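Colleague: First the structure, then my questions, so here it is.
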Amino acid sequence: MALRLMSNLAVMVTLAFLRELCVGNPISGPEWAEVLRIGTRVARGPDWKWGDQDGSPPGEGNIVAELNSNGWVEVRWDAGNRNSYRMGAEGKYDLKLIEDAAVRLVNGTDELSGHVEINHDGTWGTVCDVGWDMGDANIVCRQLGSFLEAVEIKTGSFYGESDRSIVMSRVKCKGTESRLADCPFVCTSNHPCDSAKLAGVVCRPKLNTVRLVERSNPVSGRVEIYRDDAWGTICDNDWDIDDVQVVCRQLGFPGAVEAKSGAYFGRGDGPVHMEGLACDGSEERLADCPSHCWEEPTCGHGQDAGAVCQDD
């Protein structure tokens with residue numbers, strides 16, 4: 001859904017804890033394009049400029065995917081449905097930010113590793129590594145995507161140094177938080193931290209996470225599953241609508257539309273993880289389905305399976 005636009009991406013709720021607890025000068029002129037990343041909390045209502053273009057009720061949700069390099073993002077609303085949005089000609093989205101507590105990983109070896117930065121008032125700051133542990137790292141990964149988990153923490157200048165201000169130190173997440181901003185911490189104005197002591201993390205998809213790849217929209221694509229530290233495809237032997245039903249359910253879609261075979265959505269370039277799936281359609285996860293072969297599938301990427309799910 002190519003929706004646009006609103007006149008201002010205004011913050012509705014800010015990180016008040018930083019303003020109240022930490023000494024510093026407020027910074028204006030946020031670059032909101034940087035904030036609209038996976039994990040950012042957004043709201044919609046009657047459109048703030050163009051009227052209620054998408055005809056949907058007001059609601060809140062999270063950005064759960066950046067679909068491609070053209071500015072498309074996918075939002076999962078708390079009500080359960082999803083919509084796709086793109087940046088329009090004026091450089092604005094038909095969304096408002098609820099809060100500016102987005103996190104991101106910087107200078108890593110891939111998009112799921114790096115030192116942690118948190119957004120405050122449109123400006124990114126770093127996190128001190130004093131007391132940094134796997135519990136804290138897991139909250140960061142969860143905020144970046146519910147399917148992610150932390151596999152390793154990094155400290156010091158492992159990912160290089162940063163010229164950004166350190167805004168959080170001695171973070172002590174309890175494990176129940178949905179955002180890093182909700183974890184107890186102390187301000188670096190009261191507990192100075194060396195600029196080379198940066199908290200870092202390596203996130204990875206949870207075992208048997210599935211995704212749709214090479215898609216032109218959020219509801220269809222080549223099916224890939226994460227296993228043995230790598231994304232891999234599924235052979236289309238015995239691939240049918242029951243298998244697709246399970247894929248769509250695992251991804252949060254209401255149902256299946258069509259099973260695709262013969263690398264309909266293009267060939268993958270990783271391993272082929274599964275062959276001969278025999279889902280009955282009631283399973284919660286693809287990994288729960290009987291399969292003829294997990295370890296050494298006999299087919300190649302010319303038989304990569306695909307799926308088309310129902311839109312919300």
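We count from 1, first residue shown onward.
The backbone N, Cα and C atoms fix where each Cβ goes, and this holds for glycine too.
Please treat TrEMBL annotations as automatic predictions, because they have not gone through curation.
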Colleague: Which of these links to Cys183 by a disulfide bond in TrEMBL: Cys173, Cys193, Cys203?
Modeller: Cys173
Colleague: According to TrEMBL, which candidate among Cys279, Cys293 shares a disulfide with Cys289?
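Modeller: If we follow TrEMBL, the cysteine bonded to Cys289 turns out to be Cys279.
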Colleague: Taking TrEMBL as the reference, Cys235 is linked by a disulphide to which residue in Cys293, Cys299, Cys309?
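Modeller: Looking through Cys293, Cys299, Cys309, the record in TrEMBL gives Cys299 as the partner of Cys235.
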Colleague: Using DSSP reduced to three states, classify Cys248 (disulfide bond) as helix, strand or coil.
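Modeller: The residue in question, Cys248 (disulfide bond), is helix (DSSP, three-state).
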Colleague: Taking each of the disulfide-bonded residues Cys289, Cys309 in turn and counting other Cβ atoms within 10 Å of its Cβ, which one has the fewest?
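Modeller: Lowest Cβ count within 10 Å among the disulfide-bonded residues (Cys289, Cys309) is Cys289.
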Colleague: Tell me whether Cys279 (disulfide bond) sits in a helix, a strand or coil according to DSSP.
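Modeller: The residue in question, Cys279 (disulfide bond), is coil (DSSP, three-state).
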Colleague: If I take every residue in the domain 'SRCR' (210-310) and average their pLDDT values, what number comes out?
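Modeller: It averages 90.
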Colleague: Enter the number of other CB atoms within 10 angstroms of the CB of Cys248 (disulfide bond).
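Modeller: Step by step: centre on the Cβ of Cys248 (disulfide bond), count other Cβ atoms within 10 Å, giving 23.
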Colleague: Around the Cβ of Cys299 (disulfide bond), how many other Cβ atoms lie within 10 Å? Please give the count over every shown protein chain.
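Modeller: Around the Cβ of Cys299 (disulfide bond), 17 other Cβ atoms lie within 10 Å.
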Colleague: Ranked by the number of other Cβ atoms within 10 Å of their own Cβ, which of the disulfide-bonded residues Cys173, Cys183 ranks first?
Modeller: Cys173
